[in-house]
Amino acid sequence: MSEAFHQFIMGLREFIKEYFLGFWDYETPKIMVVKNRTLGVIYRSVQFLVITYFIWYVFMSQKAYQESETRPESSVYTRMKGTAVLGDDILDTVEYARPSEGGDVISTILRREVTYDQRQGTCAEYFQVPSANCTKDSDCVQGEVDFAGHGRRTGRCVQYYNHTFKTCEIQTWCPIEEYAVVREPEIREAINFTVFIRNSIHFPKFKVLRGNIKDASNRRDMQKYLTKCHYDEEKEPYCPNFRLGYIANKANENVTDLYRTGGVIGVFINWKCNLDLDPSHCKPTYSFRRLDLRKNQTSSGYYYRFAKYYSKNGVESRTLIKAFGIRLDVIVHGHAGKFSPIPTIISTVTAMTSVAICTIICDWIMLTFIDKNEVYSERKFDEVINEPTVPTELSYINSFGSNHSDLSDGVPL
């Protein structure tokens with residue numbers, strides 16, 4: 001046991017010694033010309049792919065020679081415009097647009113469900129609320145509040161409005177929405193409403209400020225242009241007025257479905273600016289996409305509730321409105337780049353270093369698949385075993401030949 005342990009220690013010692021001494025050896029590459037057509041084609045092909053990748057993708061597409069900024073400062077102002085007719089009523093932006101002051105989020109109403117003349121009092125709970133159905137008063141716990149319901153229970157079991165069954169009585173705004181709601185027709189004009197989107201973006205690193213509205217010679221010309229124009233990707237790229245129908249179409253949304261359930265659509269403003277050119281070439285591009293999930297139909301869409309309060313016969317009353325609509329979320333992305341020597345040097349050095357991979361790949365192919373008689377490996381690897389004795393000599397090499405070998409003759413390929 002002790003003898004085996006002693007041999008193990010001695011072997012480990014020799015290994016550490018050789019590794020330590022070999023660590024201080026100096027290695028230098030040796031040039032060897034191998035005239036093998038197959039290997040040459042592989043070598044030049046890999047070189048071509050690497051160089052093409054860096055020229056086309058890294059430098060031309062990704063512009064790796066530029067210093068970039070990806071977190072600009074941005075502001076968004078929105079305003080809805082249009083008029084709608086609903087029965088005998090005329091609806092303007094104050095009634096269908098939220099919020100009225102604008103911002104990066106704005107919505108418009110497409111249809112409404114209205115519950116008129118609600119007052120504080122007692123009435124029957126909605127029959128689809130869990131444990132709301134009853135046959136006697138003892139089935140209803142006085143003072144209990146069901147958060148899936150509409151109010152606080154009084155402890156009485158009453159008839160459900162004009163029906164024969166009964167539910168627990170609650171204290172709330174009566175009558176409840178599910179029983180007395182009136183579904184109004186759709187606001188068909190809403191699809192032609194226009195939303196004005198003003199966006200300015202600032203790249204502080206490069207001190208560049210740009211806006212998405214076309215410059216005009218004077219204020220009157222600007223107002224005239226903004227009153228008449230509608231955004232078009234080809235004809236009017238600087239017009240900030242977008243029709244809701246255009247936005248829904250670009251987001252691949254069915255207008256009929258939006259009228260029924262509402263929806264949330266993202267308006268993406270993308271600034272990709274090459275500041276090596278004049279800043280006037282820095283223009284925004286727009287894209288549109290539905291943001292709310294539609295897999296779960298019960299929770300998809302967009303709606304909200306609000307109430308209009310008034311006094312009727314000295315009693316506080318309200319009209320409850322459930323509004324289905326389109327909500328627009330304006331999201332701004334910005335990227336600017338400008339030539340800088342530091343990223344240019346880094347990218348160039350990386351490209352030159354990557355070209356060396358071609359040699360490593362071809363060496364591996366040569367020594368693994370082509371060097372059947374180990375002729376290449378004998379010429380490829382030489383070891384200096386003595387210090388030079390003659391001042392004019394560089395080294396004594398334990399293989400024949402100089403440090404530049406030409407395997408064009410005498411080597412079976």
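Cβ atoms are placed via backbone N, Cα and C, with glycine included.
Values in this document were obtained by computation on a predicted structure and should not be read as measured data.
Of the cysteines CYS134, CYS174, only one is given by TrEMBL as the disulfide partner of CYS157: CYS134. The record in TrEMBL pairs CYS123 in a disulfide bond with CYS174, which is drawn from CYS174, CYS229, CYS239. CYS174 (disulfide bond) and CYS168 (disulfide bond) have their C-alpha atoms 14 Å apart, to the nearest angstrom. For CYS174 (disulfide bond), the number of other Cβ atoms no farther than 10 Å from its own Cβ, over all displayed protein chains, is 18.
Using CYS140 (disulfide bond) as the reference Cα, a 10 A cut-off selects CYS134, CYS157 from the disulfide-bonded residues CYS134, CYS157, CYS282.
Distance noted between the C-alpha atoms of THR194 (ATP binding site) and CYS134 (disulfide bond) is 51 Å.
A gap of 21 Å separates the Cα atoms of LYS322 (ATP binding site) and CYS123 (disulfide bond). Each residue contributes its Cα atom, and for ASN192 (N-linked glycosylation site) and CYS229 (disulfide bond) these two points are 14 Å apart.
Around CYS134 (disulfide bond), the same-chain residues six or more apart in sequence whose CB sits under 8 Å from its CB are CYS140, CYS157, LYS166, THR167, CYS168, listed in sequence order.
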